[in-house]
Amino acid sequence: MLQPRNNGAAVQQQTTYKPLTLITPTAAMSPAVHGGRAKCLQRLIRLDMPVPVTVALSFDAVHEAAIGNLPDMDELLAPFGDAPLLSVRPSSQDPDWGGPGAILNVGMNDARYVELINWLGEETATKLYMRFVQSYAIHVARLDPDEFHMPDQADAKGLKAMMATFEYETDMPFPQDVETQLAEVLRSMARAWDGTTARLLRQAKGAPADAGLGLVVQAMASGTGQGECGQGVVQFVDSVTGQPKIIGRYVSSHLAATREIGRETEGAIYLTRDTRGPSLEDLCPDQFAQLISYGDLCRKRLREEMEIKFTLQDGALRILDAVRVQRSSRASVRIAVALAEDQIIPREEAVMRVEPAALSELLHRQVDPQAARDVIVRGIAASPGAASGRIVLTASEAQASAARGEPCVLVRRETTPEDIRGMHAASAVLTMRGGVTSHAAVIGRGLGLPCVVGASDLVIDRKSGRITGADGRSFAVGETITVDGTTGQVLVGEPKMLEAALDGAFQTLLDWADDFRDIGVRANADTPADAQTAANFAAEGIGLCRTEHMFFEGDRLGVMREMIFAEESDDRRAVLDRLLPMQRADFQALFEIMAGKSVCVRLFDPPLHEFLPSDKAGLRDLAEQVALPLPEVTERVHALAEYNPMLGMRGVRLGIALPEIYDMQARAIFEAMVAVGQKGVAISAEIMIPLVSAMREVELIKSRVDAVAHAVRAKSRIDLDYRLGVMVETPRACLRAHDIAEHADFLSFGTNDLTQMTYGLSRDDAGRFMSSYVQQGVYAEDPFHTLDIEGVGELIALGAERGRTSRPDVVLSICGEHGGSRAAIAFCREKGFDYVSCSPFRVPVARLTAAQLALLGQISR
Ligand code: PEP
Ligand code: MG
């Protein structure tokens, strides 16, 4: 038995909405029952627009039609009078979910054909009839399209042949009766909606599994008469840029009668006056002006940019349909901002209307969605945007290529710090190994460099200088490929690209977003260039500066290696003295760029092997550099090797075992503060200790850092505003957060390592099996990509709660790669965190996402 609540809802729907509704200003209609198109037609009618007679079929009516229970056909046809010509269009709840194609001229038959010959002439009338038979045969009777080609010349003979084919294939003459035709059209459109492909396509666009389809049956406005007759389509903004522009086509009836008007319709004339040819504005100035006023009315009252389909019927304008203008990401931002600036929608709504991922597209070049894609291999989409270039297999080839001014794609098994210079020189990076938090991915995102990682089907043969893709095709060094870091595809050649577009509308939208957002957004930025990008995107500070990345640049790698090779503390100190001014200059540059904001500097956290060469040539270079015999260098490199470097002598362990390194970094930070302070730049510095697992680690480092601060303060006589905090990225640090927080002003959760350690899953190797894990539903998503709220999230929540017990005002944030994602921002808001930190290019996306979540929170309260 039905429960009362369901029962009530069912009764309400049955009594309120009928299966067939003649669309009038007051008819009971809803997008959830009749679909967006039907509801929009009612709105147009309410705005007094001349819409031809239209009947809407509800989702239920269409569902019944699919299982053979047609609606009352007499009732459906009654409003259209005798011998009507009708169009049938889909009306899904959200227009983006699509639906079967429209069928036009339902009701066309031999008698109507004779009438049309008198009006349109034999050729056009024949073409119209043949097109109807063709579309009925293919889309309604589901016959073989190859049997129903339109001949170049439409004549009575061709029509007869087509009719004969229809009869041969179906054992029935072509139906002449409008009721039969319409019934079959409704049935076929209803069934098409239930097909597997249609279902998968709309589900990919976010439609629920049980999404319904409505249909609208409308009188074809194809009048006869002396006045102008024809069909057109118009929109009032450019779909690519979103700028105001009248775009569309108009086709006089002899051509228009046979098909829907599209962008490329043959025989179309311009809408606005144009030196290149005739225009509707010249032909019918009054109707043109009326059309413009309808466009304006739609924008103001439907609160949207609409594409309007219209006809002229013996000189009278009719509006057939209006749908949301198709738009690029750039246009979606421009349109939302313009509607709010014109006070048609509130700013909150403009902020809600733009999909945050659309901003990410604007920040990078993209492969034109219309371009053909010839895929060589697929991997993980690790850093968005697309770039083309010649294949190079080493960092030095990348640098040489850049020096020649030739864009290149650096293809590596995986990247290491030695590749940094090559990555800077390359247009894009492709690796065989690694996941979304691998070296290539992190650096790629920081640089805004398109990057695909973990392309495990790729074979790289350095000896022959070739790479081979998933299907066995191979490409030589120097051949051009394209890396699409947005989709994870690697493509042959150089498809057409769409340029990045940061315009005023983009900035305005983000400024509005900041007014609504209630959580901070900082950037992970390691170099002055990153910091500048972060500042350009209005990050509220730096949430993570990975200082080891500063040593991958220029001559520093060499000095760093000397430091690693120093056996004695004094030798190490001597090398660190050379590194000190470099670090000081780095921090000074960051502080100046981020003037007035917080900068969180993470002390050194590299697995040391990353700084050591892995091949013979590298070992030889190193031997030369440190002036030691090759065997000695090789032996020392082997001695430094660890079985599992990610769990080895990293982070604070290094700081405790070799304290001079952190001493030097702390000094560099404080001296840089003094230097910028003397220039009048205020900075709030934060020093973060990585990979902590025990409170004593924090105590030891804190006492040394405070001692350095004391020394710098004593010498400079300048007060230093700094805070010391902990990067919480081991499960134990979460569990012991209460005693760790006693010594930490802030706790920043490093979700990359925390995910790695919670799952016991290597960040760098997970790519190998992740797709099969996700495909088989072992994990819902790659946890390095989407924050695992259930597991990792629970540890973070526990850490935050325990941290607050000993220090209620402890500043909380996350700074792993998840930082900019919707799931992580929602989680951090819910737990009352202070900010999220993400790569600079994700900052705009995070600002918009945070604002949308805050606005959604207001709505649901
Ligand atoms: C982390 O572990 O989440 C983090 C941000 O640090 P890294 O990626 O440098 O290990
Ligand atoms: Mg980490």
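The backbone N, Cα and C atoms fix where each Cβ goes, and this holds for glycine too.
Record features, source TrEMBL:
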ACT_SITE  H439  active site, tele-phosphohistidine intermediate
ACT_SITE  C815  active site, proton donor
BINDING   R546, R602, E729, G750, T751, N752, D753  substrate binding site
BINDING   E729, D753  Mg(2+) binding site
DOMAIN    406-488  domain 'PEP-utilising enzyme mobile'
DOMAIN    504-853  domain 'PEP-utilising enzyme C-terminal'
Within 8 Å of the Cβ centre of R546, R602, E729, G750, T751, N752, D753, which other residues of the chain have their Cβ, at the recorded substrate site?
-> L544, D605, P690, M727, L754, C815, G816
Out of H439, R602, G750, which recorded positions lie by ligand 1, with a C-beta less than 6 Å from some atom of it?
-> G750
Across the whole of the domain 'PEP-utilising enzyme C-terminal' (504-853), what does the mean pLDDT come to? Round it, please.
-> 92
Among all chains shown, work out which of the recorded positions H439, R602 has the most CB atoms within 10 A of its CB.
-> R602
Under 6 Å from ligand 2 by C-beta, which of these recorded positions make it: H439, E729, D753? Sequence order, please.
-> E729, D753
Around the Cβ of T751 (substrate binding site), other Cβ atoms found within 10 Å total 28
Over all shown protein chains, what is the count of other CB atoms within 10 A of the CB belonging to D753 (substrate binding site)?
-> 25
Reduced to three states, what secondary structure does DSSP give R546 (substrate binding site)?
-> strand
In Å, how large is the greatest distance between any two Cα atoms among R546, R602, E729, G750, T751, N752, D753, the listed binders of substrate?
-> 15
DSSP-derived structure type at R602 (substrate binding site), helix or strand or else coil = strand
In angstrom units, rounded to an integer, how far apart are the Cα atoms of H439 (active site, tele-phosphohistidine intermediate) and N752 (substrate binding site)?
-> 12
Within 10 Å of the Cβ of E729 (substrate binding site), how many other Cβ atoms are there?
-> 26
